[in-house]
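Student: Dropping a structure here in C-alpha cells format, bear with me for questions.
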Amino acid sequence: MNAFIQGLPKVELHLHIEGSLEPELMFKLAKRNGIDIPYSSPSELREAYQFEDLQSFLDLYYQGANVLRTEQDFYDLTWEYLEHCKADNVIHTEIFFDPQTHTERGIDFDTVLNGISRALTDGREKLGITSQIIACFLRHLSEESAMETLQSVLKHRDKIIGVGLDSSEKGHPPAKFLRVFQQAKEAGLLTVAHAGEEGPAQNITDAIEMLEVSRVDHGVRCVEDEALVGSLIETKMPLTVCPLSNIKLCVFDEMGQHNIVELLRKGVAVTINSDDPVYFGGYMTDNFLAVNQAHPMIKEELAKFTLNAIDASFIDNELKAQYRHKVEQYVAQHSSM
C-alpha cells in the first residue's frame, strides 16, 4: 500500500509556505542576508521542533521567517516546496502566505508576493504543478491591520484567489474579522479560515455562517457538535485536515486517536494536507502514510482524499475533471495489484 500512496496523485489545500522553510535553506538565507540565528547547525535547529501547543510552534515559526528578506528568498522558499510536491506526486497546490509576518518587519508586500508567484509560474511550466495563492490574515493582530493587508491583496487580484485566517485561534474568534471578510467577498475573493483546531466547534459554525468560507481549515473539533457534523456532510463543506500537524501540536495525542478516517467514512469532505511540513515532520506522502498506518484503508478511500481535495479546490471545472480522471485512472490501474 505504501507504493500505491507514493504514486497516488495528490492535491494540497492547506500549506503555509513559510512553514516549508527547511533548516538548510534557513541557514543559507541567514548567511546571504547577514542575519544571526541562535542555532549552530541545521540539525540543532531541527531538534528544537518540539511543541507543546500552537503558540510554542508559532514562536519558532516567526523567528524562522525573519531570514526571508528578498524576492529571491521567497522564490527559493517556494521552489524548494514545489520540488517536494513533485517528489510526492502533488499535481495541484493552493498555498497560504502570511503578508503581515513580513510587512510587520518592513518587507514590502510586493517583494513577498512576486517571489512566490514567480516560483509558482515556473512550477507550472517546468514541473507541471498547477497552483493558487491565498493570503492569510494573522488573527492575533488587529482587525485594522487585516483591513490594511486586504487593501494590498486587492491590488493583486490577478495573482491572489482568496483570503484566509490563521495564527492563534484561542481568544480570536471568527467574528473579530467579520467586516474584513465581508469586504473581501464583495471584492470577489474566495474565503477560507482556520477553525476548530484548538478552538471549539462553535468557531467552525461561525466561520461558515459569519465569514461564509468555501472551506474550513482543520475543523477536526466538529465532532463535538453532532448537528454540525450532519451539516458538514449535507453541504459538502470541505475540511482541510493536517494529521501530522495535529499530533505535533497535541490536538490528538497519537495518530490512532485522530478522527480523519472516521469523518471520511461518515461522508465528511475531509482532505489530507501538510500544514507546515518542515516543523511537523512530513510533506504530503508522509501524512498519507501516517494516517494509513494508524487507520488502514482501502485504495478507494485513500483516493477519496484526493478526489475531495479536487472538488474543494479553487480551479475551473474543466481542470477538476482532468484531475479526477487522472486519479480514477490511477486507482483502476492499481485495483488488482
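Backbone N, Cα and C define each Cβ position, glycine as well.
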Student: Suppose a student reads Swiss-Prot and sees HIS14, HIS16, ASP275 listed for Zn(2+). Which of HIS102, HIS172, HIS194 should they find annotated at that same site?
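Tutor: So, going by the record in Swiss-Prot, that would be HIS194.
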Student: Quick one: among the recorded positions HIS14, HIS16, HIS194, HIS218, which has the most Cβ atoms sitting within 10 Å of its own Cβ?
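Tutor: Counting Cβ neighbours within 10 Å, the top one is HIS194.
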Student: Work out the three-state DSSP category of ASP275 (Zn(2+) binding site).
Tutor: strand
Student: Whole-number Å distance between the CA of ASP275 (Zn(2+) binding site) and the CA of GLU197 (active site, proton donor)?
Tutor: 12
Student: Count the other Cβ atoms sitting within 10 Å of the Cβ of GLU197 (active site, proton donor), across every protein chain shown.
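Tutor: Within a 10 Å radius of the Cβ of GLU197 (active site, proton donor) lie 25 other Cβ atoms.
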Student: For a quick check of packing: other C-beta atoms within 10 Å of the C-beta of ASP276 (substrate binding site), how many?
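Tutor: Summing over all protein chains shown, ASP276 (substrate binding site) has 26 other Cβ atoms within 10 Å.
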Student: Cα-Cα separation of GLU197 (active site, proton donor) and HIS14 (Zn(2+) binding site), in Å?
Tutor: 13
